[in-house]
Structures are given as C-alpha cells and as structure tokens.
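Student: Provided herewith is a single structure, encoded as structure tokens, for subsequent inquiry.
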Amino acid sequence: MRSDTVKTGFEKAPHRSLLKATGAIASNNDFRKPFIGICNSFNELIPGHAHLQELGRIAKEEVRKAGGVPFEFNTIGVCDGIAMGHIGMRYSLASRELIADSVETVAEAHRLDGLVCIPNCDKITPGMMMAALRINIPVIFVSGGPMKAGCTPSGKTVDLISVFEAVGQCSTGEITESELETIQDSACPGCGSCSGMFTANSMNCLSEALGIALPGNGTILAIDPRRNELVREASRKIVDLVNNDIRPRDIITRKSLLNAFALDFAMGGSTNTILHTLAIANEAELDFDFSELNALSAKTPYICKVSPATMDVHIEDVDRAGGISAILKELSRVDGLLDLSAPTVTGKTLGENIAGAEVLDRNVIRSIENPYSATGGLAVLYGNLAPQGAVIKTGAVSPEMMTHTGPAKVYDSQDEAIKGIMDGDICAGDVVVIRYEGPKGGPGMPEMLSPTSAIMGRGLGGSVALITDGRFSGGSRGACIGHVSPEAAEKGPIAALENGDMITIDIPNRCISVDLPETVIAGRIAALKPFEPKIKKGYLARYAQLVTSANTGAIMKNPAYCESK
C-alpha cells in the first residue's frame, strides 16, 4: 500500500505517533488497513455544499465498516452565483486549478491509498477530477446532489435563472421590486446544486458517463434519502477499488470521454463542460482536439431538454424519468455512438450499468426517433472571428436566432456591457461583443450570466446575440457564443472588432464571421497596444501568466512550457 510509506517500519514511529494524535486511528491494527481520504468540499457559502459535512460523516462511517481508515480533508470552493457580476467571478475558473493542486498536495503528502471525492458545484467537480487523474490512485466520486426547483406562492416553477432574468424585467418596469423579491425568495428552496442543467449538474451527470461515479450521482436530489445511500455505497466501493488497484486512468479513457461528450450533447449541458472535459483529458494525457466535437454532435440526438433550455423541466424531473442511465440507454440505440464496454467504478461496464434502465416519462426524455433536434445541444463554431473555435449551447437558442447577421456593439469589459444593456443602448438585431474577458484577459474567463439574463429580461433574447472570449453560466440561454479563441488579450480577431462591423452567426453551418477583409483585421490587430494585465498581484496575476487558451481547456502550464510556445 502507498500508505506504508508513512506507517510501516520502526523508523516510522514518529509518523504513527502523529497519526494516532488525529484520533482517526482506533488501534494499531488500523496501520494494516488502507488509508482513504474523504476529499470533502463542505462550506457555508455555497448552497450546493452546505450539507456536505453530513455526507462526509456518512462516508467515514462506511469506509471504516468496509475495512479502511478514513481521513477527511476539505478543498476550497466558489459559488458562481454569489461571485457573479463582480471581481469574484474572476476567481471562479481559476479556483479549479487551486482545487486540483490542493487535492494533489494532500493525497501525495500523506500517501493516501484512495479517495472518496465529495464535490457538487461548478469548479469543484472538475478540479477534483483533474487531481484524481494526475495522482492516479483509486478514486470514486459522489456529489452532493441537485437542489429542488423553487415554486412561487402562485404555483410558478422557478430557479436561480428566473431571479437573474427577473432583474432585467424589473429594470424595464415589467415587474415590481416586490414581485422580484417574491421570485428571489422562492427560487432556491434549500441545499443542493442549482436545479437546472447548469454547469454543476452537467458535470455531476457526466461523472456517470465517465464511469467515475455510481448511477444516480447526477440526478438524485440533495434532500432525497437515496443521496445518503449513494454515499454509503460509494464509500464501501472505494475499499474494493483500492484492494483491486483500479485507478482513474483505467476508467477515464478516450472512449469514456466520448461517451461523456455524447451524453453532454444529448442533454444540452453547460458550455463549461467542454472547457472542463478538455482539461480532464489533458490530465489523463489523452489527445483530444476541440475540432472533433462537431462530428460527435452531428450524430448525437438532442433528447433531453432541461432548464435553462426550457423553464418547466429540472433535474428532479430527469431523475423521475429514469435519470442519466435512461438517457444513456436511449442513446445506446444509436449505432456506434456509445462504447458500452467502457469500465466503471461499479466493477461493471457502462453497458451493464444501464442494462436495466428505462425511460419513464417521454415528455422529459424523448426517443431517438423524436428528438428535439437530430444533432446535439452544443456546438463549436469556426470562422475568421474565431479561427481556433467558439462554443454555443444550441439547445438554448431560439429558432429565429440560428442564423443572424447584425452590427457589433463592442464592449471591453462585462461591466461596460451590463451598463449599456441596462441603459437601453442595445437594439433588436445587435450583436453584443464583450472582449478582454478571456482566461488571460479577464483574468479568469468570467461568466456572462448577468448580461445574458439582462438581455432576456428586457425582451431581446429572440433578436440579440452575444459573443465573448469569456464564458457563460450553465444557466445562460439565447444566442450566446463564448470561449472565442484566440482571445482579445492574445490579439485574436475579436480584438479587431469595432462598433458597426457586421457579424454573421450561422449555427447550422457551425460558422461565425465578421464581414471584413483579412487585411483589415490584420491591420487593426497590428495597431493594437500591448495588452496590459488588469490584475498585477496575487493568485490571479500568476494565473494570467500561466493559463492557456479556452480551446485547450484553459489549463495552466508551467512557465518553461509557456515560453517554449
């Protein structure tokens, strides 16, 4: 066992003395058992994590029963909703790397034999997964579970996105501040990750397809007693995984990544999942090119539409309809789409895991013969405005915006754009451009939920597009094109745009372009002043120096690597 490094032999007496002082060692016999880290992310700032202390307690109890010795430790976490719309959002994506590094540090420093990872919200799940693949010791994931959707006193189903959009409605006088407060007080009724197919729930659902979590991980509500049982089962299973030396890189392979992307496209997951899955592939040392995604999307039917794509279906409805296993079972009917031989932490293949699944509500999970669209709910666009690609959640775009040409309204920050939208500077037909908000430029590639919600709330969602080198919340809807690469701070073409330039978005043909000759674009870029970092001290300053482009997952490379590029 790895942990023998810190517990076996007479020379390790000081180590054993310290371990006994933790209170986790019941007797000397425990030094003959595997040491299992309970990698929790409990904190009282994130509603999706406020209940995880109890799940950690359950996990420790079950690991001990199964023959392991549990040691709980915590990672940091950021609530994207609370961090939205101010400098805090610049820390959100950057926190993913801190989480990965911190999990690596604890597991390696203390020579843990395995990990039960208990994440839930946006950057915590991928951060822990990146660490799991980096250190490659047996790991199982069990998330905290989704929040139940809210309900107003009048019976209207609402969620966090309802509140963001209500802010826009309030700004136009469509609703009163009192009505806004009612929505505010109804939308988030308790603990759990926000209730739609936003980033947190998307990643926790993908964990099932990747094979690193048990069936049910993505959809069983946080408040459902079955969530505690799932934690118990996962915590027993980790001891088996350690005893059989089954590691993350045995499970997360190229074929399981393709399975996860297929699920993502079938349920119209958050655009952030592409960013995170590319980063996960990097940690697994798997070559996966951004450009491959359109070919996979082309053969993946979009069969499960969940908020924000439709406001009357939430994760609890997906669970009731059969969960992720039912979606995967339906997708398995598409010839050659899924690799059902992919191994999973259950000890069975993906195909064996979903064999007994069935769709219980065709209004929630459609058949492959009757999809919302024949192609997936996410796409990568290319063109002279995004030569390295840009990402859009096609499943949340209204039909009239699938193709659109309009004049650019250019803003060099999210704050400027929000002010412009709220001041009424945006008209039907416009293409809002928010730049210098990419991984380096932001820094931290902040989410644009506030401006997209303001556009929706002001009734412009069917006539205005938004393009950015930043990213979007999983809750954004409309013609929202993000991850434009190269970013403005790297002198990508988006930096050359000026007000009035005509931009064409052609989603069916996966194209985004500006009506300018290449010579004009090149000339404007050549005239740009060198980018001046917005933040020059602390973690974000270091992050901005080391982070790579969105089309590679916005991962961090060491300075020598960056200089060689």
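Including glycine, each Cβ sits where the backbone N, Cα and C put it.
According to Swiss-Prot, the record shows the following:
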BINDING   Asp80, Asp122, Lys123, Glu447  Mg(2+) binding site
BINDING   Cys121, Cys194  [2Fe-2S] cluster binding site
MOD_RES   Lys123  N6-carboxylysine
ACT_SITE  Ser473  active site, proton acceptor
Student: Taking the Cβ of Cys194 ([2Fe-2S] cluster binding site) as reference, which residues of that chain separated by at least 6 in sequence fall under 8 Å from it?
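Tutor: Long-range Cβ contacts: Pro47, Gly48, Gly81, Pro146, Met147, Asp159, Leu160, Cys188, Ala200, Asn201, Gly475.
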Student: Cα-Cα separation of Ser473 (active site, proton acceptor) and Asp80 (Mg(2+) binding site), in Å?
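Tutor: Here the two Cα atoms lie 8 Å apart.
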Student: If you count Cβ atoms within 10 Å of the Cβ of Asp122 (Mg(2+) binding site), leaving out that atom itself, what do you get?
Tutor: 34
Student: Determine the most Cβ-crowded residue among the binding-site residues Asp80, Glu447, using a 10 Å radius around each Cβ and all protein chains in the structure.
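Tutor: The most densely surrounded of these binding-site residues is Glu447.
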Student: Provide, as an integer number of angstrom, the distance between the C-alpha atoms of Glu447 (Mg(2+) binding site) and Cys121 ([2Fe-2S] cluster binding site).
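Tutor: Between the Cα atoms of Glu447 (Mg(2+) binding site) and Cys121 ([2Fe-2S] cluster binding site), the distance comes to 15 Å.
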Student: Just counting, how many other CB atoms are there within 10 A of the CB of Lys123 (Mg(2+) binding site)?
Tutor: 28
Student: Enumerate same-chain residues with a sequence separation of six or more from Cys121 ([2Fe-2S] cluster binding site) and a Cβ-Cβ distance below 8 A; give 'none' if the list is empty.
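Tutor: The list for Cys121 ([2Fe-2S] cluster binding site) reads Ser41, Ile46, Gly48, His49, Gly77, Val78, Cys79, Asp80, Ser193, Ala200, given in order along the sequence.
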Student: Other residues near the Mg(2+) site, CB within 8 A of the CB centroid of Asp80, Asp122, Lys123, Glu447?
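Tutor: What remains near the Cβ centre is Val78, Ala83, Met89, Ser92, Leu93, Cys121, Thr199, Ala200, Asn272, Ser473.
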Student: What three-state secondary structure does DSSP assign to Glu447 (Mg(2+) binding site)?
Tutor: strand
